[in-house]
Structure formats: structure tokens, C-alpha cells
Amino acid sequence: MPHDHHDHDHFHHDGMSPSGHPYRADNDEPLSYWQCMEIAVRELLIEKGHVTPAEIAAQIEAMDARSPANGAAVVARAWTDPAFKARLLADASAASAEMGFDIGGLRLIAVENTGDVHNVIVCTLCSCYPRNLLGLPPDWYKTRAYRARTVKEPRKVLAEFGLELPETTQVRVHDSTADMRYIVLPARPAGTEGMDETALAALVTRDSMIGTGLPKTP
Amino acid sequence: MASPADKVRVKTMMPPGHVRAPAYLRGKIGVIERPLGEFGNPELLAYGHTDGPKKPLYRVRFTMAEIWGDAAETPTDTIDAEIYGHWLEPAP
Amino acid sequence: MSEKFPFDGRRWHDMGGQDAGPVTPAEHDFALWEKRVDALQVLMSTKGHFTVDGLRRALEDMGEDAYEKYSYYERWIAAVNQNLIEAGLYTLEELGEKMDEARTRGETYGEAARG
């Protein structure tokens, strides 16, 4: 498998970051060739006036501010506001922007899970992902295993995520091959009647918007 | 321009270089799910040619049975992919 | 790709439907240098110095070996650099000298990057 990052032991939760992932060996590690290239490229671009340190800092900040919580808010709104849901399914970029999310030029399509249909998103050719809404993709989304197998045996892949779908549910795989990005609008879980938008958003996981999971139940 | 529900076949050509029509869909027949409008041609953009003509882009829906034949996990499951118009030809 | 079959034109990155092992749900928090690579890619493509397809083309042309050996943002900085060299924003000589100079600043990324 590709080294999409250095070894981590998923059974150790001591020493994990607040997001529950391993802290990255970073500034204290020996300088690698590629890190050295990053420094050189960035400094040359700054020296030659093609970019400023402030622009780089602002871009990192903007990307850090994008997270699955943005998508969860969109989903929760769609669960509670039928008119918004209709707008989301018609034009997910406009609906996300309407909620105040800075999604840049993202062209987003929302695909709806129902009692009979389950959607799952993949990019077989590279790593296309609705990053301007949900933030950067998880490492597994970029692996050979996920990219290669999701279009051929989606049910087996979903089972590896702990999601077993009945044969009566149709699986729709979406391969992000070009200019669109996709988000799954998961079905609202049973037993959530009366919950408000904020409480509902807390049930919406990142994986439920990729299609490799379902929302949490209250 | 193709319209929703039109049957289309992805061309089988295999030119070298940067293209966005996945190999597993080439030669396969699907149905236009929706037209998406016109977009820059990745086959030109990849090589620095930003002034070339735009190409229509479509979401095309394929069944697992069409793509994988007897090896399909569940034949009626589907795959949607975006395919540029110049990679599509009408299918009977 | 097996040597038993002649090359049919399919390229290594075009992975849909190939055999592969189980999906391991790995993820990590991104390091500062990785975030900087991501930011440079977004900023320089937004400014029109290259396109996302130009980035992908460089990644694809690096080959399967690079995909297996190097991490995601290692491949990205290589591809960003390739496109910037092609765009003429700086020369290989300038890059080489800057990398050599950065290396003299210290043993770690933090020291070489001065933060």
C-alpha cells in the first residue's frame, strides 16, 4: 500500500491529537528532500513576488476552517427545511453558499440516500473530494484499495467500513472523474423527530457524507 | 448535444497522456443522467493550453452488469461518472 | 502490470476496478509543510500559473513507483514544482541553489524553514 503516511498504530489512543489522529512528526524530524523542496519553492515564489507569506497563511487558515462540520450543517438544514433540501438537490453549490460557507469555485452535486438507495463517492483517477466544503480528504480516500475497489465491489468495501447493506438497497457509486464534486445527503435517522438543527448536525459524520458510513443515531 | 436518457457508449480509444475517461468505462454503454454544461478540456489544460475550445460534460449512468458482466457484485447497482462529449458516441 | 499481457494503454493511476487489498481506514493530521504544499497548489493555480490538470499530468507522469514510494504531499510538491518550472517562474539552477542553502540552516524542517 502506498505510504500515504508514516506508520500509525490505530489501536493506541494515547498520544492522539484532539481530532483523534496521530500527531504528525513535523518540525523536529530530520529535513527530507521534499520538505527542502517545499521551503525552496515557497521562498523563491515569495522573493520573486508571485505570492506573499500573508496569502499562504490566509490560504492555510481558510483550508483549516473547512471541516465536515460545514457539510453536517448543510445536511441538518436539509433534514429540517424541505425548501432548502429542494434547493440543495437542485444546486448544492448555491445552497452551501447560501448558508455562508466559502466554497470557492466548488461545483457540488448532492445525492440523496433514501430507504432504497445508498450513494457512495470515489475518485478512481486521483483524489477529487468536496474539499472546499468538507476540508481535506482522509488518507484512506486516496489509497489504491479504495480507489480501485469501490467501483467494482462497493458492497464489500462498505462492509469493511462496517456498513452492511441489504440486497434490496440499490448502491449508486459516483466516480468524480471531472469537474463536479459530490456529497451524500444521508437519510435522517429514525428517532430524531423534534431534534433541532444543531443537535441533528452533531449526528452527521464525515463518512456519512462520503457514503462509507451512516449518521449516528441519538 | 446529448439529452437525458440518451444511450451513449464511451469510446474505446486509448491515447497516451492525461485523459479523464476511466479505462474501466471505455466501450461501455450508459445513459445520460444529466448534461452539466461546457468545461475546459483537460486534455489541453494538462499541457498548458488554456485557450482551447470547451467541451460538453455529461453525467453518465452505467449498470454494474454492463461494466463487469458476470463478475458484477450486484448487477443492478450503478456507477455515475462524468464523461466529456468527445469521449461519447451514440449507442443503439 | 503483469508482463504476461501486452500494454493496452491503461495507465497506472487509472485504478478503477483493479484488484487491491482491504481498505485500511488510516488518516492523520496534516503537518505544516503539507499544508504549505496544499496552499501553494491552490494559490498558484488560482493565479493562473498552472491548472489542476497540469498538476495531475505531472503526478501521473511520475509513475507508479512514485505513488508507492512517496507520500501524497511529497508527490504534490514535486508536481507543483514541475509545473512552476514549466511556467518559467524560476529556474532549476535557482531551485537547486535555494535547496542547498536551506539545507545549511539546520537538521530539521523547523530549522531549515525558520519556523
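Placed from the backbone N, Cα and C atoms, the Cβ positions cover glycine too.
Predicted automatically and left uncurated, TrEMBL annotations should be read as such.
Listed features, source TrEMBL:
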- A:C123, A:C126, A:S127, A:C128: Fe(3+) binding site (BINDING)
- A:1-15: compositional bias 'Basic and acidic residues' (COMPBIAS)
- A:35-212: domain 'Nitrile hydratase alpha/Thiocyanate hydrolase gamma' (DOMAIN)
- A:1-24: region 'Disordered' (REGION)
Legend entry - Site with most surrounding Cβ atoms, counting all protein chains shown within 10 Å, from the binding-site residues A:C123, A:C126: A:C123
Legend entry - Average model confidence [pLDDT] within the domain 'Nitrile hydratase alpha/Thiocyanate hydrolase gamma' (A:35-212): 97
Legend entry - Listed in sequence order, residues not in A:C123, A:C126, A:S127, A:C128 with Cβ within 8 Å of the centre of the Fe(3+) site Cβ atoms: A:L125, A:Y129, A:K142, A:R147, A:S176
Inset, instruction - Count the other Cβ atoms sitting within 10 Å of the Cβ of A:C128 (Fe(3+) binding site), across every protein chain shown. - result: 24
Legend entry - Count of other CB atoms lying within 10 Å of the CB belonging to A:S127 (Fe(3+) binding site): 19
